[in-house]
Amino acid sequence: MKTGMNLKSGLKWSLTSWKSPDDPSTGEFSYSLARMESPEMVLKKASQKVWRPGPWNGQAWNGVPGMSRNYLFNYSFVNSPDEIYFIFSMYNASIINFILLNDQGIIKGPTWVEGDHRWNNMRDYPGDRCEYYGKCGAFGSCNSNNGDICSCLPGYEPKSPRDWYIAERSKGCVRKRELLCGKGDGFLKLEKRKFPDTSNARVYMSLGIADCEIECRKNCSCTGYASAYVDGSGCLAWFGDLIDIAEFTVGGQDLFVRVDAIELGDFFAHQLCLATDGTITQNKFLIYRAPTENDTIAQNKFLRDGETIVTNGGIYALGFFSPANSQKRYVGIWLNKVSEQTVVWVANRNNPINNSSGVIKIDDRGNLAIFNGNSSNPVWSNNVPLPSRFIYNMNSSTLLYQLLDTGNLVLIQENKVDFLWESFYDPTDSRLYGMKIGLNLQSGSNWSLTSWKSRDDPSTGDFTYSMDRTVSPEMVIKKASQKIWRSGPWIDQGWNGIPNMSSNSIFNTTFVNNPDETYTTANNYNTSVISRFYLDELGFTRISIWLEDRKKWSIVWSAPGDSCDDYGKCGAFGSFEELLQAWKLWRDGRPLELVDRAMGTSFPEQEAVKFIQVGILCVQENADDRPTMSTVIFMLSNDTTIPIPEQPAFILTRNYRHPNSSTSGTGSCSVNEMSTTIVEGR
């Protein structure tokens, strides 16, 4: 059977689903040939595209991996002046098989198994998450083997970072920066790809891949190109959005995407790094750039209050600052592209300067030091334990402090790459990408976060976020020595106590545990989203993303997240029940301990106690003791005497016997009565 169209008669051969399994009338779904310069089969629900197998590549549909290696079917695609159609036949005529479009919009391939007297379905389309049309939007690529299946093409970033983070990717991606056509732009090769929708593509079958690039390059509207056939012949060039791209482990073809000069330069620099064979670690080589006057503090140079150094990419800045509602001056690193003051590292957090006469410079021992005016005694110094050879040769060897695009302030010797000191090993309240949080088991170094004292005071606060290695390594939040929260041990790809940790779309977390070090670190795989991980002054670790359109931070994750996250909430061998805990605290005269720590101390305590008291009344053991909603509203809105609550329902105190059991025990139960109105006939 042909699926396609007769160009002479206008006749179309397509599949249309049943309305339901019991109703063979015309359903919502159709599978037909879309006639374009590069014709494709398309599965639709009414006029909406659901799945496309990609264009014909000379052997198979480009978006159906393994189709060309099939030993059961013989496929043919005919594109002539008279007809365009797809047809298949069985190599073994004794095998009974057909293609079915069911009422749910799924294309199936049932094959009859004679020995078992049943139909065996070989494959569903669409079946994989990435097979649904436009899953990652325009200029996005889908890979079902990744935890986060969607990624933007090189040179692109999510159109809506917030939607992208919460896994709503249909809005797709946009260019990071304006494409200056003809000014250093070029093409990057993406391997093993399902080609984008060809509805906006042109076909040049007489061109090879080299001429295809020339054809695309001379038209600034051309966003990508590829060989039409797997043998390298023909040219496909896209003009406009690239949508419905997928990445395969096996199969697919090379797709060349147009990128700007900066993206192209970064790619080749990265490739050069990977090809370099030496003693330099890859991580340092990748993040290192030649120092400039704008991102370094050199010997015999000063950085005064009011002056800053800025990273090469403009992401971070270092200088003096004052927190909101404070006149004290601190030296810190902050996010330079965010309009709201967002400090991620503070040098002199416990030794502020009370005026604007502060100076930063390198002292005679290579330390970065902060001085108050002309004072010879530093307010703060990083106290770098430099080898004696550096100190003895300070005049002949040039030391520089450079602020990298990662936010890491590093001490280097000019023309060298090794870091002699780095701020990443002395974090304050924020974990930046590439920073380690954990322990060096050889030196005893402990890399941990410490909260600010308050929003206006960056001095050392009450809370720490660190690696606990007492049994199985895990992350813990402590208030002094008291545990507040723990992550649980590392299992597979994440911390046991943080569900869905690996499914976020911004960064991936790595855990390393070896004889030398135990630490966790995070790497950013979505540079288009400005995000931060920090420990706030109330003892919460949070992940926030910057919403540029609203000019504000949005918290997308927090720990502890709920009452059950609080460490040891139910004691040894206990499992948390919020009502039981509320009753115990009320009974013991400690109801305010139920108030979320995020409230701080800025709430009316009497009002909080009233709300807790009314809440417990609403879950009393007997229904008659529970107030109606009108009574609840009256009690909360007026100064009135509120009954003292008795023990609420669902408390594990009552002995009961199951009617079908000979044993008794302690369990949760209550007299949960309801009033019922029965309607009877007159």
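Backbone N, Cα and C atoms are what each Cβ position is placed from, and that goes for glycine too.
Nobody curates TrEMBL annotations by hand; they come from automatic prediction.
Features reported for this protein in TrEMBL:
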- 126-162: domain 'EGF-like' (DOMAIN)
- 181-261: domain 'Apple' (DOMAIN)
- 294-424: domain 'Bulb-type lectin' (DOMAIN)
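DSSP labels the residues of the domain 'Bulb-type lectin' (294-424) in these numbers: 7 helix, 50 strand, 74 coil. Tertiary proximity for the domain 'EGF-like' (126-162) is limited to same-chain residues at least six positions away from its ends with a CB under 8 Å from its CB atoms, namely 43, 49-52, 63, 106, 168-176, 188, 190, 193, 197, 241-247, 249, 257, 259-260, 263, 267, 493, 502-505, 525-530, 545-548, 554. Broken down by DSSP into helix, strand and coil, the domain 'EGF-like' (126-162) contains 5 helix, 10 strand, 22 coil. Shown for the domain 'Apple' (181-261): DSSP residue counts in helix, strand and coil, namely 13 helix, 34 strand, 34 coil.
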